[in-house]
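Asker: Input: one structure, supplied below.
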Amino acid sequence: MSRLVVGPFNRVEGDLEVTLDISGGRVDRAYVDSTLYRGFEQILRGKDPMDALVFVPRICGICSVTQSVAAANALRNAMGISIPRNGQLATNLILANENLTDHFTHFYLFFMPDFARDGYSGRPWHGMAEQRFKAVTGSAAGDALPARAAFLHMMGVLAGKWPHTLTLQPGGSSRAVSSTEKIRLYAMLREFRAYLEKIMFGDKLENIVKLDSMRALEAWRDARPPDASDFRLFLEVARDLELHRIGRATDIFLSYGSYEMAGEYLFSPGVWDASKGTLSAIDPSDIVEDLSHSRMTGERDARHPYQGETQPAPDKPDAYTWCKAPRWRGQVLECGALARQVVTGHPLIRDMVEKTGGNVTTRVVARLLEISRVIPAMESWIKSLSPGEPFCVQGRMPDNAKGVGMVEAARGALGHWLVVKEGKIANYQIVAPTTWNFSPRDRDGIPGALEQALVGVPVGEHERVPLAVQHVVRSFDPCMVCTVH
Amino acid sequence: MMNLIWLQSGGCGGCTMSLLSADVRDLFGMLKDAGINIVWHPGLSEQTGSEAIEVLEACASGDLPLDILCVEGSLLRGPNGTGRFHVLSGTGKPMIEWVRQLAEKAQYTIAVGTCATYGGVTAGGCNPTDACGMQYDGASRGGLLGVDYLSQSGLPVINIAGCPTHPGWVLETLLALAMDSFTQADLDELGRPRFYADHLVHHGCARNEYYEFKASAEKPSDQGCMMENMGCKGTQAHADCNIRPWNGGGSCTDGGYACIGCTEPGFEEPGHPFTQTPKIAGIPIGLPTDMPKAWFVALATLSKSATPKRVKENATSDHLVIVPGIRKTGVK
């Protein structure tokens, strides 16, 4: 058996090191280390509760808005107020803009460049991948970045700027949209749709949403050559490299539900257990964080986030990461676009998961499917905005209160738990999506989702940075700065 | 070609994400054409793991010339000065050690964002990681590299402060270096490029008419001036945010929220809740930097008494309730 340490692990957000025990050309055990600790949960203690809206988006520059939404939800929950319809529509639009930007950035800048690497030079598609996706110099960067920047112009109108807006408030959005801005937003969105339909998919979004089985997806792929669109090229690469055979984790999927409108979700919440084919409701009181292998004080008492502690213990024996280990009823869950789409029951993703489980291919397909599902929803939200009616209401924070805010980031389930005492933040605990996916072992020695997904991944004899390992890690689109925060 | 290495430490990656939102046709192409070669960036480059370490080691040893070192995120000195709150993965070596070594070799050293310049939000609260900036610890000069640090070109650390940085600030600084047209005189007292730091956020603020008449917002989503009640520091914060639009046409004040002075050292601990204006006897304590208090009070009283009904009513609404009137006489 040999040991391989992979780091700095780049083209992920933040800092990650992966240690692999390898035997017989395959990963036997994996240990995932989040190597950066900043201590936002410590920083927030003693602050005015509303100041959370300044600090938490700065946990992350890639899912900054999602952190804001979770904080605004937690504050609103503690205040006991509800949000006006316009405020909810604006929040959904801002959140969707960030989530889709994240999916888009992940595909073009973080994930696809690996297929342009020299290690794949013998493959029939390699020339195409290299021309299009070579890191920094490929043609896709020149195409996709301006499209991304133009899509983010929606943030200029709705949120002032991105990242790190203060627009999202417990009572709604501080930026009311006028009737002319409504039309501009619609034009910006159509512009992005045009890029997606022409370049990314080479088809109408509605045709992607309609794909309802693995067979239908394969037929769609084969209808035109791989260079007809970026998505087709990915599907061809995935078929050739059999990416559906690597990266399976627990196949128990978590979603808090996404894009709420008057109690209804565009993507419904729950926990889907693929092996049993069952859907359970998600009750936040069933979530605990285990610290047994985290560089944090606290050994065996896994705690609910309301009682959670964050006290670094850099020299703790057996600890190998700053990340905590969240568990739901003792189980390791996977979250992200794949989890959202399987929980909400999209037929294509349900079929793929039934046949091949969670893996590199299904995670990427779910992400792109989600782009094509959310754009039409955004169009309808814009049309529903009612300029002249309120976007924000005023609330008052009680001197003593508790609140929870749950939201879906691009990468999955994000929860904020807030305790206010005598008008100040007494405790603030955050469980981020990558905390779920990249958690370390718990007190029972059960590895986290990525640690499980890496077991069995092939490693070539001379590979210092195994490509298959990189595909698996990046298929989760990890956000390490959120993980430890 | 100028070799550029970009490192990220105790920040959020938001300055990189912001740079990628630059409104240019081809960001990487523009840098390349200007003569800047991105040798390694943790978010963008192909090389991972040992391949990346080789590049960093070559620069640290001087085998590969390092022209521009960009550092994003605060420098974490804790625990107990060891820097172990951030070890560069795969190397076992704290990031502060890597930064010290590379900064010795660099022709130019750039701190990107308020974390890397002055410490930023990572240094907030109890500052659990002993975070500081490259050459400042809050407003005090020093930081990780020390008071006397100069890069090989003879310049101190270039502090592109902002949380996050505007893509134009970073891009134009890099292009200025590539064109060899950046000198000590282009930096302000706090090491910030003057092309954006010689402005105040107040300049060009779309709420200016409300400011003139002291017609103030009272709650989020109101259109009025946010200085009196909502904690806005636009008249004191150095940046061109309302002249140079963000994301196609926005700014914080356009987004309906206060300027929190994110380009200033110590912005993370204003000593009051961010979105409330501290006042003494009803007068905000943080007045425009170069205005005597008595004058401000006199002018504010006068302008409040002269506020047109339109401005007053629109100030506390989220949309125009009264539109500007049309004078029948016309303007000659």
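Heads up, residue numbers simply count up from 1 along the chain you see.
Cβ coordinates are placed from backbone N, Cα and C, and glycine is handled just like the others.
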Asker: In TrEMBL, the residues B:Cys12, B:Cys15, B:Cys163 are said to bind [4Fe-4S] cluster 1. Which of B:Cys115, B:Cys225, B:Cys232, B:Cys241 is said to bind at that same site?
Answerer: B:Cys115
Asker: Hey, for the [3Fe-4S] cluster site built from B:Cys241, B:Cys259, B:Cys262, who else sits with CB inside 8 A of the CB center?
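Answerer: Everything else in range on the chain: B:Gly162, B:Val201, B:Lys233, B:Gly234, B:Ala237, B:Ala239, B:Ser251, B:Cys252, B:Thr253, B:Ile260, B:Gly261, B:Thr263.
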Asker: Please report the number of other Cβ atoms within 10 Å of the Cβ of B:Cys225 ([4Fe-4S] cluster 2 binding site).
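Answerer: Counting Cβ neighbours of B:Cys225 ([4Fe-4S] cluster 2 binding site) within 10 Å gives 27.
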Asker: Restricting to the binding-site residues B:His202, B:Cys225, B:Cys232, which ones have a CA within 10 Å of the CA of B:Cys259 ([3Fe-4S] cluster binding site)?
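Answerer: If one measures from the Cα of B:Cys259 ([3Fe-4S] cluster binding site), the binding-site residues that come within 10 Å are B:His202, B:Cys232.
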Asker: Using a Cβ-Cβ cut-off below 8 Å, which of the binding-site residues B:Cys12, B:Cys15, B:Cys163, B:His202, B:Cys205, B:Cys259 are near chain A?
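Answerer: Going by the Cβ criterion (under 8 Å to chain A), the qualifying binding-site residues are B:Cys12, B:Cys15, B:Cys163.
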Asker: DSSP helix, strand and coil counts for the domain 'Cytochrome-c3 hydrogenase C-terminal' (B:199-274)?
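Answerer: DSSP composition of the domain 'Cytochrome-c3 hydrogenase C-terminal' (B:199-274): 5 helix, 6 strand, 65 coil.
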Asker: So of B:Cys12, B:Cys15, B:Cys205, B:Cys232, B:Cys241, which of the binding-site residues has the fewest other Cβ atoms within 10 Å around its own Cβ?
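Answerer: Among the binding-site residues B:Cys12, B:Cys15, B:Cys205, B:Cys232, B:Cys241, the sparsest Cβ neighbourhood within 10 Å belongs to B:Cys205.
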Asker: Of the binding-site residues B:Cys12, B:Cys15, B:Cys115, B:Cys163, B:Cys241, which one sits closest to B:His202 ([4Fe-4S] cluster 2 binding site) when you measure Cα to Cα?
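Answerer: Smallest Cα separation from B:His202 ([4Fe-4S] cluster 2 binding site) among B:Cys12, B:Cys15, B:Cys115, B:Cys163, B:Cys241: B:Cys241.
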Asker: Between the binding-site residues B:Cys12, B:Cys15, B:Cys115, B:Cys262, which lies closest to B:Cys232 ([4Fe-4S] cluster 2 binding site), Cα to Cα?
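Answerer: Minimum Cα distance from B:Cys232 ([4Fe-4S] cluster 2 binding site) across B:Cys12, B:Cys15, B:Cys115, B:Cys262 lands on B:Cys262.
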Asker: Based on Cα distances to B:Cys115 ([4Fe-4S] cluster 1 binding site), point out the closest of the binding-site residues B:Cys205, B:Cys225, B:Cys241, B:Cys262.
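Answerer: The smallest Cα gap between B:Cys115 ([4Fe-4S] cluster 1 binding site) and any of the binding-site residues is with B:Cys262.
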